[in-house]
Amino acid sequence: MDFPVSPRRAAAARRGFCAQYTHHHLVVFVLTFFSYALLHASRKAFSNVKVSISNQWTPAGINTSLYIVDPNMTWNGSDLFPDHESATIFLGLLDTIFLFSYAVGLFISGIIGDRLNMRYVLTFGMCSSAVTMFVFGTVTEWLHFYNKIFYCCLWVVNGLLQSTGWPCVVAVMGNWFGKSGRGVVFGLWSACASVGNILGAFLASSVLQYGYEYAFLVTASVQFAGGWVIFFGLVTTPKELGLPDAGEEENESAAQEEEANRPLMSGDYEGDSESSYSIQAPDNDNPTQAIGFIQACCLPGVLL
């Protein structure tokens with residue numbers, strides 16, 4: 001038998017639902033969205049300038065589109081690769097190096113993010129990756145310094161630094177948005193990678209006519225500025241503002257819904273009230289501790 005819900009309880013439930021997301025949630029959504037979008041933009045910039053890099057690293061006499069008097073003369077007096085095919089193979093090797101170091105870095109960044117402030121980790125990753133991109137594409141071209149080993153080392157470091165982005169932004173989003181809204185919220189938020197690819201293509205193409213080094217310069221500058229915005233604007237957890245975590249809000253909402261649907265009878269009401277109060281009470285004596293790598297792998301579904 002269903003019992004009617006009092007208007008006061010129904011109004012309280014509506015107020016709780018409307019107050020579930022605040023302007024702080026919007027700020028976190030926007031900052032994490034564009035932070036990861038900027039990381040993708042820098043990767044897309046490298047993909048868009050590969051042809052220009054290949055032309056710069058090969059002798060100018062092989063580039064049929066360029067008229068030059070001396071066939072043995074190169075653009076910058078450098079013959080890093082004898083032909084386009086060798087340059088293309090090396091660029092593919094750089095992609096492989098980057099993805100491998102990025103994959104390894106995800107494990108390391110996740111462990112570091114659980115033990116340090118994720119705002120610091122994300123800021124360090126974005127700013128340091130921007131500096132690496134600037135050195136790779138801009139400084140080496142300005143100084144006419146071309147070295148295969150140096151390029152490989154820089155791209156390994158860049159992959160490790162960029163791996164700090166994904167674990168941190170996902171963890172921050174998980175702190176602010178509970179399970180009840182993760183389908184819609186994360187569905188919108190997951191477009192950050194595509195937006196970053198579009199932004200990277202736009203930034204690179206807008207200055208590519210001046211030289212591929214300016215594509216790296218503009219992209220790295222925007223990413224570096226975004227890192228500082230994250231440092232001063234991102235709040236990693238609602239507790240920093242005195243707000244309850246997403247999990248606590250869900251427990252409280254579930255308890256309120258259960259209380260609103262409970263029959264107004266005097267049988268076991270007091271006992272149920274005490275039990276619901278114990279569920280809502282925050283456990284301040286046992287703060288959440290970061291788990292180890294082996295423990296994480298033992299969780300159900302992780303290895304799969």
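Including glycine, each Cβ sits where the backbone N, Cα and C put it.
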Among the residue ranges 120-139, 140-159, I'd like the one that TrEMBL describes as transmembrane segment. 120-139
Recorded stretch that, among 21-39, 87-108, 120-139, 184-208, has the most CB pairs under 8 Å to the transmembrane segment (214-235): 120-139
Take every residue in the domain 'Major facilitator superfamily (MFS) profile' (28-304), average their pLDDT values, and give the whole-number result. 80
